[in-house]
Amino acid sequence: MSVNYVGLALVLNCGSSSVKYQVVDTTQDEPLASGLIERVTHHGDAIRAIISQLSEPGSGVDLERLTVVGHRVLHGGEEFSGPTVVNDSVEKHIAMLSPLGPLHIPANLAGISSARAAFPHLPHVAVFDTAFHATLPEAAYTYAIDRRVAHEHGVRRYGFHGTSHSYVSRETARLMDRPIEDVSMIVLHLGNGASACAIQGGRSVDTSMGLTPLEGLVMGTRSGDIDPAVTLHLARTAGMTIDEVDALLNRQSGMLGLTGYSDMRDVRSAADSGSRDAQVGLEVYCRRIRGYVGQYFAQLGALDAITFTAGVGENDDAVRLSSLSGLEALGIVMDPERNSGRKKQATLVSADDSAVQVWVVPTNEEREIALQSIAAVS
Ligand SMILES: Nc1ncnc2c1ncn2[C@@H]1O[C@H](COP(=O)(O)OP(=O)(O)O)[C@@H](O)[C@H]1O
Ligand SMILES: CC(=O)OP(=O)(O)O
Ligand SMILES: [Mg+2]
């Protein structure tokens, strides 16, 4: 996406319990305003609070100058594969995708409708987490289940965190001073949710999240990959309902289930104080990442870069080091000194003799949503 478009965007990232926002002027590197409202119960209230904050004199923002409102939307299904200007019919289509994102989509929609009510004269653009993965080859998005059932119910891999993978991959190529068309890389987005993405020439060719953001890496509260028969076993032998299994895998698993903590800072300090559960939890977490790196290296056939991003990827040096340990035979050699510490800025963390460059690049989903929203209405 070109950054040549000029405009002023309010970006809303409405999660299940939080609203993140930024006001982005594309001519400036830093947002004019940004913030996070946590423990949100009514998204309408949160958005009205944000607007009244931004309306205060001295907020640094002139709301009259806004050109667009950009919204993060979790799932675009097969319907939406690019940034989409919202109207009533688009809202309805997004609502129909709610079963694929019961935590995220109702929140996304509440944000869209309150913001449309507050700014009825502005265009609103939905930017989908799934859109960047519209380029997945058929063999990468197809699950090996009965074709008719899959087709009838839209069962396929979609992939998520697309705005992050898109932004971070472009930044990595720029930092390497190479045209993105020539670069093969793996982006590891390790936040609360976590996903890996194999990117060839700027296009997503494989990713670890699937029909929903449950598959793949170990996350804060989500299991990632398990034998699908675990769900059947729990239903049949433990008598758990579908909703109970859903809550178990989405909210009570991952690092929380393994260690009692979903936040990596807490897991880390528990491990440092000798908790065996926390130590094993970290091994499970890093081993899964290492496995995806090997798998995507094999699928790509060549690898120029690996990039860590998001809360854990940017801040936890031990996770970075341990995830890529033992991969020297693949040409992946970390430099422990470069890697050490939290990274607020893009940093090369591999050794000079590493065939594969390893980077930490802070993600900026809100800026990417702003750029895509402005481009969509320009
Ligand atoms: N200093 C740190 N060390 C280790 N992990 C951290 C640190 N700071 C943040 N994190 C991790 O980052 C996670 C949040 O990542 P983030 O990308 O903000 O996620 P999300 O956007 O999904 O809320 C937290 O749950 C925490 O585990
Ligand atoms: C898609 C997804 O998992 O999003 P988040 O990391 O914000 O939970
Ligand atoms: Mg996130």
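Keep in mind that glycine also has a Cβ here, set from the backbone N, Cα and C atoms.
The structure displayed is predicted, hence computed values, not measured ones.
As annotated by TrEMBL, active site, proton donor/acceptor applies to Asp129. Feature annotation from TrEMBL assigns Mg(2+) binding site to Asn13, Glu365. The ATP binding site annotation in TrEMBL covers Lys20, His189, Leu190, Gly191, Asn192, Gly193, Asp263, Met264, Arg265, Gly311, Val312, Gly313, Glu314, Asn315. The feature substrate binding site is assigned by TrEMBL to Arg72. Taken from TrEMBL, the feature site 'Transition state stabilizer' applies to His161, Arg222.
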Practice task
Measuring Cα to Cα, tell me the gap between Glu365 (Mg(2+) binding site) and Leu190 (ATP binding site) in whole angstrom.
Solution key: 13
Exercise for the section: Could you work out which of the binding-site residues (Glu314, Glu365) has its C-beta surrounded by the smallest number of other C-beta atoms within 10 A? Expected result: Glu314
Practice task
By CA-CA distance, flag whichever of Lys20, Asp129, His161, Asn192 among the recorded positions is nearest to the residue listed as 'substrate binding site'.
Solution key: Asp129
Practice task
In whole Å, could you give the widest CA to CA gap in the ATP site formed by Lys20, His189, Leu190, Gly191, Asn192, Gly193, Asp263, Met264, Arg265, Gly311, Val312, Gly313, Glu314, Asn315?
Solution key: 21
Practice task
Anything from the recorded positions Asn13, Asp129, Asn192, Glu314 with its Cβ under 6 A from ligand 2? List those in sequence order.
Solution key: Asp129, Asn192
Problem - Residue among recorded positions Lys20, His161, Arg222, Arg265 with least C-beta crowding, 10 angstrom cut-off - result: Arg265
Exercise for the section: Kindly point out which of the binding-site residues Asn13, Arg72, Asn192, Glu365 have a C-beta less than 6 Å from some atom of ligand 1. Expected result: Asn192
Problem - Rounded Cα-Cα span from Leu190 (ATP binding site) to His161 (site 'Transition state stabilizer'), Å - result: 10
Exercise for the section: Pop the Cα-Cα gap between Arg222 (site 'Transition state stabilizer') and Arg265 (ATP binding site) into the table, whole Å please. Expected result: 17
Practice task
Please report how many Å separate the Cα atom of Asn13 (Mg(2+) binding site) from that of Lys20 (ATP binding site), as a whole number.
Solution key: 5
Practice task
Within 10 Å of Arg222 (site 'Transition state stabilizer') by C-alpha distance: pick out those among the recorded positions Lys20, Asp129, Asn192, Asp263, Glu314, and say none if nothing qualifies.
Solution key: Asn192
Fill in the blank from the handout: Within 10 angstroms of the C-beta of Asn13 (Mg(2+) binding site), the count of other C-beta atoms across all shown chains comes to 22
Handout entry: Cα distance (Å, whole number) from Asn192 (ATP binding site) to Asp129 (active site, proton donor/acceptor)
Key = 15
Exercise for the section: Give the helix, strand or coil assignment DSSP yields for Lys20 (ATP binding site). Expected result: strand
Fill in the blank from the handout: For Asp263 (ATP binding site), the nonlocal same-chain Cβ neighbours (under 8 Å, six or more residues apart) come out as Gly220
